[in-house]
Amino acid sequence: RIMRPDDANIAGNVHGGTILKMIEEAGAIISTRHCNSQAGEPCVAALARVERTDFLSPMCIGEVANVSAEITYTSRHSVEVQVNVMSENILTGAKKLTNKATLWYVPLSLKNVNKVLEVPPIQYTRKEQEEEGKKRYEEQKLDRLETKQRNGDVIFPIINPEPHTVGYSQSSLIHLVGPSDCTLLGFVHGGVTMKLMDEVAGIVAARHCKTNIVTASVDAINFHEKIKKGCVITISGRMTFTSNKSMEIEVFVDADPFVDEPRERYRAVSAFFTYVSLSKEGKPLPVPQLLTETEDEKRRFEEGKGRYLQTKAKRQAQMQQAAQ
């Protein structure tokens, strides 16, 4: 579809959340189709995890986004989907790859939202594909468990924070989940949640550097629990790390399900977003250094630095391999 002004920021760059929402819609369609391809209980595929997603090139107003999805692995209860996003300038015909993403879905019964159904297997063109997919499946399963164990943090407001501190840029958004946000089963579309998370992360980044900002990448997004219609969700974001030209922002989503089944607030989704600061000409700008004040902020900064260096080393290794 063509990118419209309401898909983009004031500089004309399409929001990362808009692209993430399109990616998730494509993944949901293909995985739901596949899970209903054999006779059995009807189901809807629910998003469980999004692997790291890099925004390779900015997309602008007036360009056409073409989103394509392919199932690359199935376990007994989950589906791995690879999604590519191409942008096309319809004036010149130029096309470019803007995003590549890997998503994991689980099929939930239409009769019972808490029942996970079995996934029909796919046919692999070679034996190695199945073995590689199984390895990715085990890795993401382990990472999801580790992420859930460290999900107790809460963001509290800071009174009169100093510029460039964590408290100065942290932000929260409160949203009542309505029918238009939900799937046939009455829980929130993963793409809707990711779009809201990107909005909060973008506000944090803009507050910190006071310039035009764009999403550069998103670390793994883990969907720990479903969010039902009628919940009030709080999306919170805070700066964790800055390099010379990038900012890492931690975002998590907490749900208050007080309408149908009152229970305590719970952590539903968590992720790390990376943003870059751009000039009016679209060139990368230096990012103000994050000022850490507490021991927790210093610890999160060092953890963010570790993720940054690990990603940088992996990218350099990929470039060297491609050069060979």
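Each residue, glycine too, has its Cβ placed from N, Cα and C.
Here is what TrEMBL says about this protein:
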type	residues	note
ACT_SITE	Asn9	active site
ACT_SITE	Asp198	active site
COMPBIAS	296-306	compositional bias 'Basic and acidic residues'
DOMAIN	1-111	domain 'HotDog ACOT-type'
DOMAIN	167-281	domain 'HotDog ACOT-type'
REGION	295-324	region 'Disordered'
Just give the helix, strand and coil counts over the region 'Disordered' (295-324), going by DSSP.
29 helix, 0 strand, 1 coil
How many of the residues that make up the domain 'HotDog ACOT-type' (167-281) does DSSP mark as helix, as strand and as coil?
26 helix, 54 strand, 35 coil
